[in-house]
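J.: According to TrEMBL:
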type    : residues                     : note
DOMAIN  : 22-120                       : domain 'Pirin N-terminal'
BINDING : His56, His58, His100, Glu102 : Fe cation binding site
DOMAIN  : 177-283                      : domain 'Pirin C-terminal'
Amino acid sequence: MIVARTIAKAFKAIEKAEGAGAKVRRSVGTSQLKNFSPFLMLDHFSVGSEAGFPDHPHRGQETITYLLHGSIDHEDFAGHKGTIHPGDLQFMTAGRGIMHAEMPGKNGDGSPNVGLQLWVDLPKHLKFCEPRYRDLAAKEIPTVTIDNEKVFIKIISGTSHGVDSVRDLAYTPVWILDVTMKPGAKLEQPLPKGWNAFAYTLKGKAAFGADGEKRVGEFYNVVFEQEGDGIVVATDDNAEEDAHFIIIAGQPLDQPVIQYGPFVLNTEEQVYQAMLDYQTHSNGFERAKHWQSEIGKRMTGR
């Protein structure tokens, strides 16, 4: 038995337009949940092949992209490029500066490409580190099944029921668990003490809290208080479908967050400098001067 964390709040993520023709349900990074350290943003995105996120810069954060359906191509000005497919992840550290593009693939059935993108703050001493990419293939992710095979967990990062993830892929300590629960199932998931944590629901209904204090359906963000050993989740015996959700926890950073679009720093002066550096192609953005991604040309036609 664990001492279950109580629910701080739960709210539904509303779908809005974002980027060039994309649709997102944003939960972290809204008035409902802003700068929930170390988390800056969580987007549940849906993009067709005619939409996407063409060439754009970043500084000062990490992004974690988890694909659920379709494919996403990525390319940056340092020569990194590749494609992720369902169940794959891409971890990007922007550090001192990067310019990249993320463009969806074209599915034979015309369906959109769907996934989650999480923005994680970087500790102040790593804000200006060199940018880097890491990919994690679906086949590399360890899994565990509990409660008489009624609970299935993909351990993207962190630990669950004696199984550890492959490796740490972000500079800021973050746990990501992908959970599917059949009807009549129960999960007790320990989490590191003092870390901020939430769950984002993708499908079905589940009750969060020791006494099922909050029952929610799809597209809800359930935010937990810091006190407690972990979280407890249950599904009804007569549930019509499986519940599918992501548990995310991270170590809070004791530092100010000043954000202007894709630039996330600790002071206003650093943000102004980031904009100047990007405009003048300096201090990390030198390679942006004459760079244009190949995949971004799908939208520009050039």
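Using N, Cα and C of the backbone, Cβ positions are placed for all residues, glycine too.
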J.: Count up the helix, strand and coil residues in the domain 'Pirin N-terminal' (22-120) according to DSSP, in that order.
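T.: For the domain 'Pirin N-terminal' (22-120), the helix, strand and coil counts are 0 helix, 63 strand, 36 coil.
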J.: For Glu102 (Fe cation binding site), which residues of its chain lie six or more apart in sequence with Cβ-Cβ distance below 8 Å?
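T.: Counting only residues 6 or more apart in sequence, the Cβ neighbours of Glu102 (Fe cation binding site) under 8 Å are Gly52, Phe53, Thr65, Ile72, Asp73, His74.
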J.: In sequence order, which same-chain residues at least six apart have a C-beta under 8 angstroms from His58 (Fe cation binding site)?
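T.: Looking at Cβ-Cβ distances below 8 Å from His58 (Fe cation binding site), excluding near sequence neighbours, one finds Met92, Ala94, Gly97, Ile98, Met99, His100, Pro262, Phe263.
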J.: Work through the binding-site residues one by one (His56, His100) and point out the residue whose CB has the fewest other CB atoms within 10 angstroms.
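T.: Lowest Cβ count within 10 Å among the binding-site residues (His56, His100) is His56.
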J.: When the domain 'Pirin C-terminal' (177-283) is classified with DSSP, how many of its residues are helical, how many are strand and how many are coil?
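T.: Reading the DSSP string over the domain 'Pirin C-terminal' (177-283) gives 13 helix, 48 strand, 46 coil.
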J.: I need the neighbours of the Fe cation site defined by His56, His58, His100, Glu102. Which other residues of that chain put their C-beta within 8 angstroms of the C-beta centroid, in sequence order?
T.: Phe53, Asp55, Pro57, Thr63, His74, Asp76, Met92, Ile98, Met99, Ala101, Pro262
